[in-house]
Number of protein chains: 2
Amino acid sequence: MAPSRIPDGEQRGWIVPIGGAEDKEHDTAILRRFLKLSGGSSADLVVIPTASRLADTGDRYEKLFLELGAAQVEVMDFDTRRDCHEPGRVQRLERASGIFFTGGNQLRISTMLGGTPVAQAIRARNAQGVTVGGTSAGASILSEHMIAYGVEGASPRADSVRLAPGLGLTNRVVIDQHFRQRDRLGRLVASLAYNPFAVGIGLDEDTAAFISPDNTIEVEGSGSVTVVDADDLQFSSMHLVGENEPVCLLGLGVHILTKGATFNLNTRKASAGSLAPPKT
Amino acid sequence: MAPSRIPDGEQRGWIVPIGGAEDKEHDTAILRRFLKLSGGSSADLVVIPTASRLADTGDRYEKLFLELGAAQVEVMDFDTRRDCHEPGRVQRLERASGIFFTGGNQLRISTMLGGTPVAQAIRARNAQGVTVGGTSAGASILSEHMIAYGVEGASPRADSVRLAPGLGLTNRVVIDQHFRQRDRLGRLVASLAYNPFAVGIGLDEDTAAFISPDNTIEVEGSGSVTVVDADDLQFSSMHLVGENEPVCLLGLGVHILTKGATFNLNTRKASAGSLAPPKT
């Protein structure tokens, strides 16, 4: 689904995919920045723990965000698709200044929320300027084309990834998480091989891509964000190979960004940003 | 060590790094092609099992190459550096039409052979046209800058790789093996971040890069060869970061080659080769 239309004179909100296992005890840099972009001490957050099967996931984030200074946090879980049609919940989302998806299984979010008024409300809120983020499964769900599951390994095979429609806040990226820790380059690259229009972003644990309203990725956290750009792809054998065969892909561009570096999704240019201060 | 000088009017031999676990029972495509380039039915091979701590590694390859049709195969192991000074062994290498290193630990080869007459003889033979190859550790040893060991994971950290001098048949590449299977992109990229002059090649298991006398990589086997080219590297933070910190690298070129595709190490151009036959 394409992103919601941004109302005239307004700016889209930040989109914040996090690679999972973000620091919750020490510098909490990622969660603090998410909170700041959601209104800081006047933030009114909704936490959606639907991806998780653990009963206390939502409560844990509620406690964390309150400790970090949020004015209000509400945990909103969805057990059925009918829950996602409740006007009360939709109205609650319409008051939120930030919306956060926890980890778990991204297919639980997409199968529950997909196409419902709740999903539409989240999409509309982001288009109106509200920050929407998520960690692990909650990161994958944010884009239009979502990696549902896949096999691991550094080089791509034709069957190494399964895509599914996500929440569609942006169609510029395909997101993968736990990137360094679970060896997911192959499946991220395979997802681009199907159709190179999007940019692949692989998020290490405790690392987030803060995607600004003007589509610049800023990195936060202790790891790196691997950007795979297939814009100049010279050749792909994806259409020629059998299911378990390796795929030939020539001409990929790769940038490994750490905190301070940026990538502009409109121009597809990477910058060292504050990592390369001018000589004085 | 820079490659040996190629005698006037002669051509360097093929250099054949293999990613480990090459097929030995079914199509044996990699070993058959190695044998063919070493003289086929008149091949006289020397197998060097020094990397391995298993007593039967050499014998296993001797049997394999004889079954595939080699005229003669000799297993030549080295237990001490003094062994590597023996004139009899050097003379035996000077008769060989192909030299093959088994897997194991590449530091066992480099610490034993490094700088000895045996190493010089192998380098000279390759410069005179003899095929030299190896699998796993035996692949890593072939280049001038060798990955001695490193940590695994898709994104590079400053301390994720340790380089050591290898046999030096080519200085154009840094080789890593078991690439898809052991998640080694990060360490391969880190090795290029130190000095981007070389091209990184990551070999999947049962996959080989046949490097021709004119420095074109041809792929053999069931997996892929990941070529990482840092020639257009725009920025590296390697000199700025602490030991365990992630490295920022902007502007890497990546090609994933499968059988049929090629990469020219002189021009740094990838080609789809026989994967993209002209329309007729």
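Glycine residues also receive a Cβ, built from the backbone N, Cα and C atoms like all the rest.
No curator has checked TrEMBL annotations; they are predicted automatically.
Positions annotated as active site, charge relay system by TrEMBL: B:Ser136, B:His178, B:Glu205.
Positions of the features from TrEMBL, shown on the structure.
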{"residue": "B:Ser136", "record": "active site, charge relay system", "Cβ neighbours (10 Å)": "25"}
{"residue": "B:His178", "record": "active site, charge relay system", "Cβ neighbours (10 Å)": "20"}
{"residue": "B:Glu205", "record": "active site, charge relay system", "Cβ neighbours (10 Å)": "21"}
How big is the gap, in Å, between the Cα of B:His178 (active site, charge relay system) and that of B:Ser136 (active site, charge relay system), rounded to a whole number?
7
Cα of B:Glu205 (active site, charge relay system) to Cα of B:Ser136 (active site, charge relay system), in Å and rounded, measures 8
